[in-house]
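In what follows, a single structure is set out as structure tokens and then discussed.
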Amino acid sequence: MATVPEIKIMRSESLGHRSDVSSPEAKLGMRVEDLWDEQKPQLSPNEKLNACFESIPVSAFPLSSDSQDIEIRSDTSLAEAVQTLSKFKVLSAPVVDVDAPEDASWIDRYIGIVEFPGIVVWLLHQLEPPSPRSPAVAASNGFSHDFTTDVLDNGDSAVTSGNFFEVLTSSELYKNTKVRDISGTFRWAPFLALQKENSFLTMLLLLSKYKMKSIPVVDLGVAKIENIITQSGVIHMLAECAGLLWFEDWGIKTLSEVGLPIMSKDHIIKIYEDEPVLQAFKLMRRKRIGGIPVIERNSEKPVGNISLRDVQFLLTAPEIYHDYRSITTKNFLVSVREHLEKCGDTSAPIMSGVIACTKNHTLKELILMLDAEKIHRIYVVDDFGNLEGLITLRDIIARLVHEPSGYFGDFFDGVMPLPENYRV
């Protein structure tokens with residue numbers, strides 16, 4: 001039986017060094033190296049990096065193998081969309097408008113990006129009490145009147161019981177809801193995209209200061225997305241640059257030297273292992289965060305991590321919770337790990353347990369670990385394993401560049417970053 005893994009403290013001696021200078025990311029790093037050598041000596045290291053990244057177009061960023069050619073039609077059911085995102089292990093995918101004309105431009109061809117945060121919004125909306133309370137309303141959604149009454153009468157205990165998600169995922173509502181029906185949860189309207197000639201600096205600032213997790217790159221002459229650059233992709237690029245002068249000059253700094261972690265233990269949103277798993281997703285939605293640590297009640301030590309992408313395991317494998325009277329965060333973690341072990345998928349981030357570091361680790365060590373483990377956050381602990389802080393991919397990218405005064409100008413004109421009903 002799977003158990004909750006112990007905290008894994010990052011050890012610098014186990015990280016190794018990059019040696020594949022032929023990778024596209026390493027070649028890109030060497031391009032930065034050449035530009036670094038050309039910068040004026042009076043510039044600070046941060047100013048040099050800004051100048052280097054401003055000189056490189058985003059078209060030079062290696063194509064993403066994870067998200068290439070993964071598009072979802074607007075008439076795809078939500079159930080199929082969840083299966084697609086889960087199958088290809090991606091957090092999001094662009095949605096193609098099936099009603100768009102064949103000669104449509106890219107901005108008319110796509111209606112947005114569907115992502116797990118939006119799916120969480122939809123899921124939690126289904127758990128709100130239906131109104132009016134009638135058999136007809138329940139039947140129209142594909143639920144039995146008895147099941148709806150149970151949810152109303154028993155509240156959270158009903159929606160966290162082991163069979164709730166089996167009923168939900170077999171309902172007509174889940175099967176018939178289309179991706180276009182949840183377009184109000186899309187992060188951008190339709191979404192913010194970069195043109196191929198935009199700079200790396202623009203891209204890095206959007207992924208850090210402006211909190212975008214992924215950015216489509218488009219060619220105005222082509223009605224198709226050319227590439228999708230993610231925070232994880234940038235971290236992988238940086239990991240491939242280990243050994244290069246500019247990277248070593250920046251990466252040798254310790255976390256405490258660069259002001260990390262930004263978020264201290266008193267401000268971390270957390271959940272205890274005996275609380276309902278849906279409470280974790282509610283907290284992530286309410287606080288607009290991508291993940292949350294699961295804490296042991298007695299010791300206050302982190303024993304796991306639940307991220308927004310993990311909602312897929314409630315919807316793609318609801319049968320694994322059938323025997324539980326209540327799906328707590330601990331039950332959820334144990335069940336998902338057992339399920340993935342049986343499926344032979346031991347590389348999923350949820351299998352890693354708690355990956356942690358200390359304030360004495362360097363940026364380079366942190367980047368190599370995040371890239372190796374394919375995770376989006378790392379917890380900072382003290383010598384006794386107690387939680388001290390949290391560092392995300394965005395925090396690291398934000399330490400790489402800074403925004404010059406007036407840099408974006410009218411770049412955001414006409415863009416709607418967050419729809420009114422977007423709550424993640």
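Even glycines carry a Cβ here, placed using N, Cα and C.
Note on SER23, SER44: Swiss-Prot annotates phosphoserine at SER44; no matching annotation appears for the rest, which is not proof of its absence. Of the ranges 63-131, 263-324, 350-408, the one with the most Cβ pairs under 8 Å to the domain 'CBS 2' (185-244) is 63-131. A sphere of 10 angstroms centred on the C-beta of SER44 (phosphoserine) encloses 8 other C-beta atoms. Mean pLDDT across the domain 'CBS 4' (350-408) comes to 92 in this model.
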